[in-house]
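Enquirer: Submitted below is the structure of interest, expressed as structure tokens.
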């Protein structure tokens, strides 16, 4: 009872001389379904990018990175830090945030320069089976690969939170956003490294220039009084999601020659991001009582000086 059977061509132990079928284990079915889906993806893979680092004709490497990330930030890291003092990582964080500011700036410039060289249309830039034949498109594909790879580097954001015991910053929004972006962009790079993908990658990289600049400046106490614009980073991120969503919907409505599956995937993801970031913004800023309304509003004063935010690298999602 409950055994699953298949045809002889899928079964190693199936004797073609008899009508008896060998039961197939559930894991065999899962593996075959995975292999069927992978072969479907590979049949449409871009010949330029399919063998690049972390693409490698398989999502396994990205899944391993994601699994290691989730295990560390949700279980192993907090367990190791439970009875330890928070690490002081300011020198490393200065280097790390500076690097991500420069990397994000490079990606903005490179994507937009590739946009110019390829004479992209801002509203509808097709991507089809002939796109990879255009020599200058390779530059755009490589720029988008860097954007994809940067999502692995950004896992360090959460690792630093764990090591510094900033547990309140490790929210569902933060972890989901980091883990999902890497996996979504694996499909983008192996299948459609170009076309309409220029907007989301360049816009998000631009936001990250500002965001990581904020994190960098916040590491210097003398600059913290000037970081009044923190909430506007979240507003900027919400704005980018709305722009990308509108651009994506127009891709479908206008009949732009771009894979439909990617249009629906990106639109769904933008709705999720708008909901999660919107909820974060409402809780953090709109529903937050003003200091003048708090009884203990003087508790933030120390020796006549206003204390700065305790989040020296507080993550604005």
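Using the three backbone atoms N, Cα and C, a Cβ is placed for every residue, glycine included.
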Enquirer: Looking at the ranges 26-46, 89-109, which is given as transmembrane segment in TrEMBL?
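Expert: Per TrEMBL, the stretch marked transmembrane segment is 89-109.
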Enquirer: Among the residue ranges 124-143, 144-163, I'd like the one that TrEMBL describes as transmembrane segment.
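Expert: Feature transmembrane segment in TrEMBL: residues 144-163.
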Enquirer: Are the transmembrane segment (89-109) and the transmembrane segment (232-253) close enough to be called in contact, which here means at least 3 C-beta pairs under 8 A that are separated by 6 or more residues?
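Expert: Not in contact, no.
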Enquirer: I'd like to know if the transmembrane segment (198-220) touches the transmembrane segment (144-163) in this structure, counting it as a touch only when three or more C-beta pairs sit under 8 Å and are separated by 6 or more positions.
Expert: yes
Enquirer: With a Cβ cut-off under 8 Å, give me the same-chain residues at least six positions beyond the ends of the transmembrane segment (259-282) that come close to it.
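Expert: Long-range Cβ neighbours of the transmembrane segment (259-282): 127, 171-173, 176-177, 180, 184, 187-188, 191-192, 196, 200, 231, 234-235, 237-238, 241-242, 244-245, 248-249, 251-252, 317.
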Enquirer: Should anything in the same chain at least six residues away from the transmembrane segment (198-220) have a Cβ under 8 Å from its Cβ atoms, list it; otherwise answer none.
Expert: 90, 93-94, 97-98, 100-101, 104-105, 107-108, 111-112, 114-115, 120, 122, 125, 140, 143-144, 147, 226-227, 229-230, 233, 236-237, 240, 243-244, 247, 266, 309, 311-316
